[in-house]
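A short worksheet on the structure shown next.
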């Protein structure tokens, strides 16, 4: 049976994700104690009901969250279940704003401030985050974008044979993407921003792309980076990962990182992988 565990930070969009999966035909249950995971799955199997899978929501509200959660995952996988763990996150600033908009207390402790609650929650969920199949950063998403991302993740990534790589360009000025598995800094390359004829254009413009890719250091970097990815991706597959997010950053996320992201993605596609490209800050830089 396919099992999707939804977890992550309060205010990061877990409820929206659950509703999206219910619409896709998954049976969803919220705040189930970890010790009951396997028994619940067995009951669903015996019921004879037809579902695409089961969604189990667990977060800081669970009293037994810190004891046995990773072991529970291993147990479910050991008896043949396809288990995915989706961890939803967002920047502290975004989470604080969302709590202010809803006027809710933070569930970590009703007596603490929201920022303190977020800090406590991050500590308690650290092991879950480390064992996630996929981390989804919802900081920049609206409700519709979040639903789309969840559906794409569920429909697109189902095992190492369909390993998916998302290559994201970003600007360090706006922060590192929270869901990045690998982060590469390409600020060592010459910056088209200081070439007046190139400054107005992004790294998708042929002239800017040519400027970046024809630098001697660029060729060497791409060769070394691609060799590293050829080593890492099979290792991720062996560990049961089905999704890798590579974040490539420059100062503003408009020129160098965009060109390098597209060049990296083109090389990865030659390996037969599913590759997605996104340029987070291309309109900001």
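Glycine too: its Cβ is placed from the backbone N, Cα and C atoms.
Per Swiss-Prot, the feature ATP binding site maps to 8, 9, 10, 11, 12, 13, 14, 15; the stated evidence is sequence analysis. Of all Cβ atoms in the shown protein chains, 24 besides its own fall within 10 Å of the Cβ of residue 14 (ATP binding site).
Taken residue by residue with DSSP, residue 60 (GTP binding site) is part of neither helix nor strand, so it is coil. Look at Swiss-Prot and you will find 59, 60, 61, 62 tagged as GTP binding site, backed by sequence analysis.
Taking the mean position of the Cβ atoms of 8, 9, 10, 11, 12, 13, 14, 15 as the ATP site, the remaining same-chain residues with a Cβ inside 8 Å of that point are 59, 88, 89, 90, 138. Distance noted between the C-alpha atoms of residue 13 (ATP binding site) and residue 61 (GTP binding site) is 15 Å.
Comparing Cα positions, residue 8 (ATP binding site) lies closest to 59 out of the binding-site residues 59, 60, 61. Highest local Cβ density among the binding-site residues 9, 60 belongs to 9, counted as other Cβ atoms within 10 Å over all protein chains shown.
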